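Each remark here refers to the structure printed beneath this line.
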Amino acid sequence: MALTAAELEAIRRGLGRGPTPVELALFTAHWSEHCAYKSTRGRLSRLPSKAPWVVKGPGTDAPLVEVAPGLYVTFKIESHNHPSAVDPYNGAATGVGGIIRDILTVGAKPIALLVNLHFGPPQDAHAKWIAQGVVRGISDYGNRVGVPVVGGETWFDEDFTYTPIVLATCVGVVSAEDVPRGGVEAGDLFIVVGSGADKSGLGGSAFASKTLTEEEDLGAVQVADPLMGKRLIDLVQEARQCVKYIKDLGGGGLATAAAELAHWFGLGLEIDLDKIHMSDAEMGPAEVLISETQERLVLVTSEGQLPCLKALFEKYDVPYSVVGRFTEGGRLVFKWRGEVVGDVPVELAANAPVLEWPTRPYKAKPLPDLPQPPLDKAIDAVLSSPNVAKKAAIYERFDFDVGVRTVVKPGEGDAAVLKLLELGDVGIVVKGDANPRYTYLSPRLGAANAFVKAYRNVVVARGIPLAAVDSINLGSPARPEVYWQFVEAVEGLAEAAEALGVPIVGGKVSLYNEYLDKPIKPVVAVVVLGKIDDVGKAAKATWEAGDGIYLWGVTKAEVGGSEYLYRIFGEVAGEPPAVDYAVEKEILRLVGTWRPRKATDVGLGGLAAALAKMAVNSGVGADVDICKAPAETTRLDFLLFSESNGRFITAGEEGPGVKIGEAEGEKLRLRCGGTLLYKRKVEELRELMALRL
């Protein structure tokens, strides 16, 4: 039971009686935090979501962003944290399947996946078991349905050893004429298609709305079926002309799908639960109602279009059931073998109470006095950190070329670049970022950092940012410090979106991410999507022998929350880097003017990590004088490792900013004037920076 005494009383008042078992199942599922956003939806309206190019914003299964007249891109982010903690393979695989189906709801063809993953330290046996299972689940599902995994990020921290944060983003494309037209009316049919209902994932939404304990709840984890998922993708590409609306049958099962659709269209809905095709004949009506069996969609169509759909169901060998009909009157009615087993007002079901929790601010540990360590050892330690390391051990498990759209592949640049085959050379640029240490130290500034980092990655790759989606992952909102984190994170996201002119068109909040009474560091992930007019001119994080190396932006004494501070001193302290939105917008202008083909931003791990990444990517060394970098600090370790925002590197004959070095030879040399600070062969760097799982 996920309902409180106050909620049960509200249900009794709304019904004028006690709920039946089926009605109780409905409210338990649909009023869960996972489905109803009880603790968060009142605050999320603060996020700006409108722009002339936003056709459809938050509130339904997937948004729509116009990238050219008559052509839309959709993208959405989803978390599958609790399931991945207890069954990493299926938890991650079903997370990917669910986000793909969200994209299908607007009739789009899924063209790419990105994953933002947060695990415990890779040397920990349990964390490694989770990481390996999650990566395998994502790989198997994405490869089998033919949707490439083109990018993302992976973060390692002790907080995620038993409570991983597993985020998947799917991108799709659809022409305006292929978006289901809506206009649902009384008499229209409610059809369930896909896998047969079973008990896998039963109570999954309630499970995701409570804190994890040592007692694993494997029964609440759904089981993936990528072959059925692929059939649904193919079905939708033809069926979109025969339907009025498509909805994913995911969290909350039929309970949530029925309540949301009836509410959105201002209608009632009558469903015969026993008519749903099942793979478990022992299920009762309440179980059928809240089953979260994967690979299922709801299609809404008129009686006259049913023959069109039936032919497609047969063509793609997709099971289906016509189980309900929309009605006048505003009631949700559920039947089982002819008997009414549930009858509730739509508005009661659709409007869970809004919760507002108390908040309690905290102050993070101030930055201690830091002695300067031996720089060569410090550089090696930061570059070999699993957070800075090259993630080939993960992305090489993924098929990132399927679909022939991927232009800039994982590891090659700051963001994924995909060709829109429908528009010739026009494409999209997409990147997701998060830094849990930043959002722990300052939730507001940390959230803003995630936004500007993703924004800058897209810009440096030559994209023009259009829209963003976010994912906020926290502990229990009943903890005043955690709810304060949420409130502050929303403010940080709102400030960044408003200042940069990039609307937030969707998102996800996941709460109760705790283990044994310990909440995680907050994870606020932001995925920014941009447009590029010619994918052949996208920038990659590389250089060639003879290139000048140019740095634009000012390095400040900003090592609060940095990888350097944690790896060398074991500290999580200080303030995250400041954000200057005018500087970030100036980078957009500069990139548009200079049009670099070889570039990277400076972020995690500082200038040392950015230079090492470009050397490893290109196989060419460099000679760099870090003391030529524009800076507000003279400490050499801060010049190397500060994570100040508003900086990027370009390589070529000329570039914006200050020339700090030249690409040459087979070694990376970092110096200050005539003093050599660090020297390593590129092949040694490649080995040093290789993540091992």
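Here the Cβ of each residue, glycine as well, is placed from N, Cα and C on the backbone.
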Since Swiss-Prot lists SER79, HIS80, ASN81, HIS82, ARG101, GLU292, THR293, GLN294, SER510 for substrate, which candidate among GLN222, GLN372 does it give for that site as well?
GLN222
Local backbone state of GLU292 (substrate binding site), from DSSP in three classes:
coil
Sequence gap of 6 or more, Cβ distance under 8 Å: name the residues on the same chain that satisfy this around ASP248 (Mg(2+) 2 binding site), in order along the sequence.
ASP61, GLY98, ARG101, ASP102, LEU104, THR105, ALA257, ARG296, LEU297, VAL298
Would you mind reading off the Cα separation of TYR37 (ATP binding site) from SER79 (substrate binding site), to the nearest angstrom?
14
Out of HIS34, HIS80, which has the highest number of nearby Cβ atoms, where nearby means within 10 Å of its Cβ, if these are the active-site residues?
HIS80
In sequence order, which residues at least six apart in the same chain have a CB under 8 Å from the CB of GLU78 (Mg(2+) 1 binding site)?
GLY95, GLY98, ILE99, ASP102, LEU167, ALA168, THR169, SER471, LYS508
Extra residues within 8 Å (Cβ to Cβ centroid of TYR37, LYS76, ASP470, GLY507), ATP:
LEU44, PRO58, ILE77, VAL469, SER471, ILE472, ILE504, GLY506, LYS508, VAL509
Tell me which residues of the chain lie with their Cβ under 8 angstroms from that of ASP470 (ATP binding site), as long as they are six or more apart in sequence?
LEU47, ILE77, PHE451, LEU493, ILE504, GLY507, LYS508, VAL524, ALA525, VAL526, VAL527
Just counting, how many other CB atoms are there within 10 A of the CB of TYR37 (ATP binding site)?
18
Checking the spread of the ATP site as listed (TYR37, LYS76, ASP470, GLY507): what is the longest Cα-Cα distance, in whole Å?
17
